[in-house]
């Protein structure tokens, strides 16, 4: 498998996705448009690039931690998933989580980060039950959504 990612620059006025520091896992994605996000609102924001994720890998679009913590800018479907077969422009579903202040995103602002990771492409096999399939019960069972205990103050 290659260690390169094919990128098409759809907007020549924007930089290619890039790492802020050597060794960073993600590459920063830039906004291709000016957007004002009122409190609680969301927008699908163009990045001006398309990528060809290699087969057996997935692209994951994550919020930039500084923007999330400082101004409440996040991603609606975090992380966004880019499948290997998708070849269109990357778009980021941004949301303003601040309860009072609009967020202004300017063209050229770094708005998200793209991580590319290997993914196991498992074959789905229908079984009538996990016991019949020889998959032993676990201590967790079907417990979910807080079944392992809450926060000390809740």
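Cβ atoms are placed via backbone N, Cα and C, with glycine included.
Lifted from Swiss-Prot, the feature list:
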BINDING   64, 65, 66, 77, 81, 82, 83, 91  substrate binding site
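Where Swiss-Prot records a feature, it is marked here on the structure.
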| residue | record | Cβ neighbours (10 Å) |
| --- | --- | --- |
| 64 | substrate binding site | 20 |
| 65 | substrate binding site | 10 |
| 66 | substrate binding site | 10 |
| 77 | substrate binding site | 11 |
| 81 | substrate binding site | 12 |
| 82 | substrate binding site | 19 |
| 83 | substrate binding site | 11 |
| 91 | substrate binding site | 16 |
* Specify the secondary structure state of residue 64 (substrate binding site) as given by DSSP, simplified to three classes. => coil
* How would DSSP class residue 82 (substrate binding site) in three states? -> strand
* Maximum Cα-Cα separation (Å), residues 64, 65, 66, 77, 81, 82, 83, 91 listed as binding substrate -> 26
